[in-house]
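Inspection log for the structure reproduced underneath, given as structure tokens.
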């Protein structure tokens, strides 16, 4: 009886277990508590380096490797070297994202994290198939700066229902695959970013190694935003991050080194996208392919129009 009353007394007066439980509930409901702000994580140099390296090699380098390696090594009816890069990306990236979430000083909702990872893998896998076929069509004269129906190798196909099939393939590649790939990707990064705050302004600094990674990281995200045609998703994520920074600043909480690195990378990306759009603003051919209000040409469309056509 005495032991029971002692446990009840501890629970009522806020013993260690109760305090931990309260802290956990606060974290689950999205607010950065004082305890969480005090648990500032060191800069994850290893994860950010691996993350940036595999993005450049396995994602950006994927179509380049497909064009560089001899066609005899990877026949058109077999997976290309770029496809194997994509397969590796689909395995390594979710693993790195999970490791990043594990190192967050804030307790993040596991169910949302796991569902996001599952959808990410599904979307990236859908994109793997569609992108593989679309890039293999380059060897047959397919031009990325034209729409599917305007491409010389497709517009005269018989029966015409075959054109519908290629448009469906393009839809899975450029729309459904990208949405299921990038929405959970940016959601996970934002959830991680929401825990990157510290109560100490002295810890709100970017270390030297992080500064060296900002440029390649921001440049990769520029490629991701332009080639993936996800400017709206990116700008929404960036302004959500900015709003969170301003909101936490009122509570005297500041971005830690990891948060500053991610925010700086996104800010550089926004600048590069603006310069890219300004440079190609008056291109009549690309304007025809991207007629909407949001005009963000794809790098590969620029390549097939202005680079490969000269050779």
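Yeah, the Cβs are placed from backbone N, Cα and C, and that goes for glycine too.
Your range for transmembrane segment, going by Swiss-Prot and the list 27-47, 111-131, 132-152, is 111-131. If you look at the transmembrane segment (179-199), the same-chain residues 6 or more away from its ends with a CB under 8 A from one of its CBs are 30, 32, 34, 36-38, 40-41, 97, 100-101, 104-106, 108-109, 112-113, 115-117, 119-120, 122-124, 126-127, 224, 228, 230, 233-234, 237, 240-241, 244, 248, 252-256, 258-260, 262-263. Tertiary neighbourhood of the transmembrane segment (56-76): same-chain residues 82-83, 85-86, 88-89, 92-93, 135-136, 138-139, 216, 220, 223-224, 300, selected by CB-CB distance under 8 Å and a gap of 6+ residues from either end.
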